[in-house]
Amino acid sequence: MERKRSEMEIEELAAAQEPLKGDDNEARPGGNAVGLKRNLGLLAAVNIIIGVMIGSGIFVSPTAALKYSGSVGMCLVVWSVCGVISLVGALCFAELGTVVPRSGAEYAYLLESFGRLHKFWGPLPAFICSWIYVLVLRPAEVAVIMLTFSEYSVQPFAHILGLDRMSTWDQEMIIKLIAFLGLGVITYINMVSVKLYVRINNIFGFCKVFACLIVIGGGIYELTIGNTKNLTSGFEGTTTNPGFIALAFYNGLWAYDGWSTVTTVTEEIKAPEKNILRSIVIAVPIITGLYVFMNMAYMTVLSADEMMNAPAVAVDFGNRVLGPFAFVIPLGVALATFGCALSIQFSVTRLGFVAGREGHMLKPLSYIHIRRFTPGPAVAMQGVIAFLFMLVGNIGELIEFASFLIWFFYGLAMVALIIMRKTHANVHRPYRVPTLLPYITLAVSIFLSVMPMIADPSLKYLFAVAFILCGVAAYVPFVYYKKRPKMMGKLTYVIQVLFEVVPSEDDNAD
């Protein structure tokens, strides 16, 4: 009787949150609708893109483009062209965000375009997209990024803490414990308040851009004192091997990944029909400029061989140029990685939220906290999965075998855009890209999906296929036939009580 009474209380709580909608489909001021709120303005949208795109890569290992291009000049060309290609892809996503104004990015676009074509096969690509992103790829990335954050956050204080006198095992344990603590902090931030996330992410966004500018400033200083020896070689030694040039562009484009992040949170962007495009046009060129000039700064101070052999390029650069202030580089890496993990987790929880709302993930993932208006269960699940990946350790190959699928889904999103030019021809588009651009992005996505298998044929790609087949095995009974385990009612009840969540306004509307 007590349990039934509690269940009735939960149902009454959900009923009390019936959404009050105005003409703009948002909750009216003073209403009590429970759902994601539009708390992200233009600055927040710009910093979400910056937060995900600038991680540790540009500080630690930006050398692959130089290695495969063969020359300083060609390397800078590769970084510049990769930035332009990324902007082209992001502009295509900006149009998709106006045609399908829902969170979830490519997941939402695949569901909208293919979902109506066939009852079974239509929703399957969107489901596999959420299956890979939510359960493996993004939480694994967060786990690796938080371990990098931990390593570089203690580096400036290693001598003070006595880490250099500890055994390797003890050092690894301390790094892992700090990573666990960092993961707990970002999970808490994302669970407690979107506005808190925005404030913190804005701060970290400015800090990581400032760290990039310090590197660029150091390079400018070296140029002004006449240190131009490494740059005078220009295009000397440029490779003529098409395979190597392809690998240079392949690695450069991966460094720019994250440009679609803002469309993952469309439902929380203020005036998305304007601010999605504006944030992309602001953020992606800024990052392109930072990447190009940071590489130029590195190559001003370090020779090609020194860059190739450096465990962390920016750290070696700082030791050469910044003197006693060299500690700001590992500190900058720590800030960049913390902000990157924070934003990746924020965005993937919205994908889990939308997938739960569509019945492609557990329904409680789409439930919202009654006061904080955050998807608490989705955030908690991402924290738990990332924690488990940290415990396992050595998940670099796991990310590699799943990562090549990112551009596969980007390519499918371009197919979706081309399809919806016909099926959604009458939908109002505040913004429309030239028809050539989605085809360019589609060609690039095919290249980036196939290139890893050609460059490094490995059985690890069979694991990707196996994981997709596992997704299909889950899709058939639980999504297509809508089977639900008997325990789901009790589990939902426990989640609602534990997290103080109720169905979102869209669930209520359904």
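Here, residue 1 is simply the first one shown, and the rest follow in order.
Placed from the backbone N, Cα and C atoms, the Cβ positions cover glycine too.
Among the features that TrEMBL reports, transmembrane segment is placed at 40-64, 76-100, 120-136, 173-191, 203-221, 280-301, 321-353, 373-395, 401-420, 436-455, 461-481.
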Cβ pairs under 8 Å with the transmembrane segment (436-455): which stretch of 40-64, 76-100, 173-191 has the most?
76-100
Using a cut-off of under 8 Å between C-beta atoms, tell me which stretch among 40-64, 76-100, 203-221, 401-420, 461-481 contacts the transmembrane segment (321-353) the most.
203-221
Mind pulling out the one from 76-100, 203-221, 401-420 with the most Cβ pairs under 8 angstroms to the transmembrane segment (40-64)?
203-221
Among 203-221, 401-420, 461-481, stretch most in contact with the transmembrane segment (76-100) (C-beta, under 8 angstroms):
401-420
Other parts of the chain folded back onto the transmembrane segment (461-481), taken as Cβ under 8 Å at six or more residues beyond its ends:
119-120, 123-124, 127-128, 131-132, 136, 359-360, 401-402, 404-405, 452-453
With Cβ-Cβ distances below 8 Å as the criterion, list the same-chain residues six or more beyond the ends of the transmembrane segment (203-221) that contact it, or say none.
46-47, 50-51, 54, 58-59, 286, 290, 293-294, 296-298, 300-301, 314, 317-318, 321-322, 328-329, 331-333, 335-336, 338-339, 342
